[in-house]
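Colleague: Got a structure for you, questions after.
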Amino acid sequence: MEPESKPSLSELSSTAALGDYVLISEVGEGSFSRVWKAVHRESGEVVALKKVFLSRLNRRLKNCLDCEIKFLSSICHPNVVRLLKAFQNEGCIFLVLEFCNGGNLAAYIRQHGRVHEQIARKFMQQLGAGLEILHSHHIMHRDLKPENILLSRSDDDAVLKVADFGLSRSLHPGDYAETVCGSPLYMAPEVLQFERYDGKVDMWSVGVILFELLNGCPPFPGRTNVQVLKNIKSSTCLPFDQLILSRLHPDSVDICSKLLSRNPGPGFSTRLGFYLVIPGY
């Protein structure tokens with residue numbers, strides 16, 4: 001991993017600060033939170049500081065936040081973003097997270113377009129390893145997409161890290177969820193159809209991400225849930241560009257097809273590691 005350069009004295013003199021952290025630059029903003037690149041005043045450690053506005057969260061989202069904090073506090077895995085500290089101040093929860101120099105996978109895809117099959121394989125192995133940790137702790141992410149997957153660095157040697165657990169929840173075997181949430185392009189058909197669902201919905205999202213890495217765009221376009229679902233239902237095969245398809249290893253197409261199966265079958269979510277880290281893929 002590339003060494004993180006520490007901020008200059010002029011940067012540390014900034015008046016923008018939150019607690020022990022000096023804010024360097026804003027790196028993201030959502031409906032319920034803002035994220036800054038920040039540095040600890042004393043140690044000089046560079047972090048990502050996420051400010052969550054509790055007043056903007058309903059009961060369900062507060063439960064998701066509790067789930068996020070409990071899970072990230074309990075694990076340390078190279079393919080899951082690390083939570084260094086969490087604290088509350090003035091009606092907000094602050095999450096101090098490891099800072100990833102490489103940005104997110106969405107930016108990587110925008111810069112590189114479709115990636116080489118070997119890189120896609122490596123990214124999928126890392127994503128599979130991260131997701132296995134989630135599911136071993138009975139956690140559904142529910143919003144897996146390239147924007148929520150961070151990279152330790154910007155080149156092909158980047159380590160992939162699952163991040164942004166704002167819609168995650170605990171779900172034990174045999175239980176189901178019903179809340180419609182996530183990003184339409186990456187949502188499983190059972191979620192789009194308002195059906196109850198389990199951890200297999202994360203597997204669908206992984207399949208969409210794999211397709212996007214290999215083909216350069218998501219498989220089922222649409223501006224609304226209805227349009228995406230219509231395109232899923234009308235497809236008879238995965239819409240790979242034919243020139244790209246002719247160059248792909250059969251294993252890549254097979255894994256993508258399994259992940260994007262509308263009828264994955266019982267136990268599919270527990271076989272994530274088998275599909276994504278098998279020798280030869």
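Cβ coordinates are placed from backbone N, Cα and C, and glycine is handled just like the others.
Not my notes, these are from TrEMBL:
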- 21-281: domain 'Protein kinase' (DOMAIN)
- Lys50: ATP binding site (BINDING)
Colleague: Suppose we draw a 10 Å sphere around the Cβ of Lys50 (ATP binding site). How many other Cβ atoms does it contain, all chains included?
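Modeller: Here the count is 25.
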Colleague: Average pLDDT across the domain 'Protein kinase' (21-281)?
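Modeller: That stretch averages a pLDDT of 91.
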